[in-house]
């Protein structure tokens, strides 16, 4: 998708906030513990390369992404530290990963056997992390016999270097620790079955690190916290108070491109879902659902100048309209999503409005919106 550099709509990312969040977490780590910065999905919409470079400078041990292409993007940007692909990569691409020093997740024994076929006639060695399904129900080993067989397969197998073993918590963002503890027990049990020694054992994500005393592990996979966002949907719960300060880094801004007065009975937008009951001032903003600002945001209040104004009518593919209490000049700044947690249109409020999580709101903002980076 072509970035709209000739349109007044941008996602602003404060690299100063990114830096502070990473530094705060690194100060919170246990002695000897390291951090993998999670920059998948284009850094949760913030920009993977730019965020990775900040984390690299501060001292992150490496990076996590979701797919092989994201890892290759970091390598092309001269990121040289460890990069782990958390998702399942087709075994046929194992040589590409190995040639680029990219670590892959092993979901099961069958994957290992297939990957070996592509590696055995080369001089390449693939770095792997053994994935454990401790209760997420997604990918990884969950049966003892299969994990034991995989360990046996890897013994004295020069095609693979066992760099890590990991799992992912399903409910570390909950104050009820019952399932969290169940997952800890399952992971520790699977760890006891190891006959090969990984370089790194890791299970803590952002939520586990800032809310709980998780498993003693070599690494913390720090994801949503990098971007200054609380992983909990209930951050005001006293049981889920973050152990570190989090500084939101993203704002989404545009401006008024058209202002007019409509009259009683006039409709706004497709289907005329808003009909004026009196003379009403309407402003148009050049952003729509094609940018990832979905139609469910109809009615959400954005900040036009210093005034919160509701979105009226259905959000269009490329534009939306707001009802304003007074006429404002063309070019007036419109903050659609604020990086100030005290503002009514912060990203958590936006997520709540459309009944989702702020992860999704940030990730929805696509490449048609240019990213502008600054440091406060």
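In case you wondered, yes, glycine gets a Cβ from its N, Cα and C as well.
Record features, source Swiss-Prot:
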ACT_SITE  40  active site, proton acceptor
MOD_RES   40  N6-(pyridoxal phosphate)lysine
BINDING   138, 317  substrate binding site
ACT_SITE  270  active site, proton acceptor
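Taking the features listed in Swiss-Prot, we show where each one sits on the structure.
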residue	record	DSSP class
40	active site, proton acceptor	helix
138	substrate binding site	coil
270	active site, proton acceptor	helix
317	substrate binding site	coil
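Counting other Cβ atoms within 10 Å of each Cβ, the lowest count among the recorded positions 40, 138 belongs to 138. Around the Cβ of residue 317 (substrate binding site), a 10 Å sphere holds 11 further Cβ atoms from the protein chains shown. The Cβ of residue 270 (active site, proton acceptor) has 313, 314, 316 as same-chain neighbours under 8 Å, each 6 or more residues away in sequence. With respect to their backbone Cα atoms, residue 40 (active site, proton acceptor) and residue 138 (substrate binding site) stand 17 Å from each other.
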